[in-house]
Each structure stands twice: as structure tokens, then as C-alpha cells.
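The structure appears right after this line, and notes come after that.
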Amino acid sequence: MGAIVLVAIMALVASSSAFSDDEQNMMNAEGEKGIRSYSAADDVSDMIESLFVNSGNRNLVLMMLSGRPQPNARCVEDGQPCGFLVSDKGCCLPNYCSQYARGKCICVPKGQPCGLLHFCCLGLTCDGSFQGTCN
């Protein structure tokens, strides 16, 4: 199951970088000029386009691949280097990797923003699933 998910995520990353510069420039120009007619179908296509074109989403996928420990694997301790260019191991819970390529294992302290990939330090909880504050 985990291998299937990994292959799907890697396909998403590969396909998101497959667009040529010309296609990207055309999409940017279209968005700036506002030459669209909107409908429910447009909203869905915009969402799908965003998943494949937006480099922020590609970075999010890479962070997900590098930031979490695998079952029964040794993990990277708090404050130690992490990321897919540094180690094949994820950070120990509740830490996450501060950058997907080369970062440090950190956690979110009390009163700071937390969410989907930014976990609160031990003993704290996030009051939101995607955007919240550590309490």
C-alpha cells in the first residue's frame, strides 16, 4: 500500500515539472488578463491545473516525502539535519523537517501557527487541522 502511494506521489511530482516554459507562460498570461468564463467545470479544471503546475504544491509533496518517519525505521532526532538530500529517514514524532531538501527537525512551540505538516511540540495540540495555533 505504501509503495503504491509513493509511486502516485512521485508521478504527481514528475508530471508537475513536465510542463514547458511556453505552456507556463501562456497560463500565466491568461490568468493576468482575466480572459476566462467561469463555471463549475472551470473551477474543477483550475484546481487540477493548480495541483500540477504550482511549484508550491510540488514542494509540499516533496516535504511530505521527506518529513515523516517510516514504521519500524530509525528517525532523525530533534535539531538534526533532515530532508531528502540529507537522509532517507524522517524526523522523530512530533518533529517535522523545516525544508524538504536540507532542513532541520523541528516542532512548533506554544502560540505559534501549526497545521497539516507543521506539528506542535510534545504536550501541545494544534487547534486546527490545516491552520491553527499550538496550545
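Going from the start of the chain as shown, residues are counted 1 onward.
Each Cβ is built from the backbone N, Cα and C atoms, and glycine gets one as well.
The disulfide bond recorded by Swiss-Prot for Cys97 joins it to Cys82 [selected from Cys82, Cys92, Cys107]. If you go by Swiss-Prot, Cys120 shares a disulfide bond with Cys134, out of Cys105, Cys134.
Per Swiss-Prot, the cysteine from Cys75, Cys91, Cys92, Cys126 that shares a disulfide bond with Cys114 is Cys126. Less than 8 angstroms from the CB of Cys126 (disulfide bond) sit Val108, Cys114, Gly115, Phe119, Cys120, Gly132, Thr133, Cys134, Asn135, each of them six or more residues away in the same chain. Within 10 Å (C-alpha to C-alpha) of Cys75 (disulfide bond) lie the following disulfide-bonded residues from Cys91, Cys97, Cys107, Cys121: Cys91. Cα of Cys92 (disulfide bond) to Cα of Cys82 (disulfide bond): a distance of 11 Å. It is Cys82 that, of the disulfide-bonded residues Cys75, Cys82, Cys134, has its Cβ surrounded by the most other Cβ atoms within 10 Å.
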